Amino acid sequence: MIPAAYPTREEIARLTARMLLEIGAVNFNTKEPYILASGLPSPSYIDCRKLISFPRIRSTLMDFLTVTVMRNAGFEAFDNIAGGETAGIPFAALVAERMALPMTYVRKKPKGYGRNARIEGAMSEGQRVLLVEDLTTDGGSKLSFVDAIRETGASCGHTAVIFYYDIFPETEKTLGDHGVALHYLCTWWDVLAEARAQKAFDEVTLSGVEAFLKDPRAWQAANKR
């Protein structure tokens, strides 16, 4: 049951951003940009994995993620909660516990043979699976996990993340074209607003990050090394 006292979507976004800032998960550096897995530079980087070491914040955000999924998708919409290797595993376990559902995880690469070679745990044909991850940038890695789940004969039409970059306009369309709805707690825009409110970084840095968020590809082209 969702208690009436649960915060609104907007309040969840603000509180999530505040908590991520509090634990030092948010990193801004416009002078020495971070290099993403794609090889492109970024003045912002977030480490949601740090959440597992902060039990009070971790518990609150998992409550938020669970209620967000239930509000958006329904109370009886799933039969199995799957985490993506490796960052999604602890969060999937915590959500599964709250929803009283079985938990599995999806490997990045197959182990063994057969259509369940990428699945650890018990996943059955026909089950409705929610994929849980820490974050998503362009949605690409989610589709790989979704495909692995569907190969078992289960269905997967929803993915839930703590953090969504929300700077690449094609992300939700890419997921939607594959029949996947995205649920999330907060975005870079929420973090930027909260960081400004807290004066967590100097205004030069915040303005530089804002320029990146408004046009990431142009910023990356100008700052490519």
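Cβ coordinates come from backbone N, Cα and C, glycine included.
Proximity of ARG107 (5-phospho-alpha-D-ribose 1-diphosphate binding site) to non-local residues of its own chain (separation of 6 or more, Cβ distance below 8 Å) is seen for GLU85, ALA117, ARG118, ILE119, GLU120, ALA148, given in sequence order. Residues or ranges marked as 5-phospho-alpha-D-ribose 1-diphosphate binding site in Swiss-Prot (evidence: sequence analysis): ARG107, LYS108, LYS111, GLU133, ASP134, LEU135, THR136, THR137, ASP138, GLY139, GLY140, SER141.
Taken from Swiss-Prot, the feature orotate binding site applies to THR137. In the three-state DSSP scheme, THR137 (orotate binding site) falls into the coil class.
A gap of 26 Å separates the Cα atoms of THR137 (orotate binding site) and LYS111 (5-phospho-alpha-D-ribose 1-diphosphate binding site). With the fewest other Cβ atoms inside 10 Å of its Cβ, the least crowded of the binding-site residues THR136, THR137 in this structure is THR137. When each of the binding-site residues ASP134, ASP138 is scored by how many other Cβ atoms sit within 10 Å of its Cβ, ASP138 comes out lowest.
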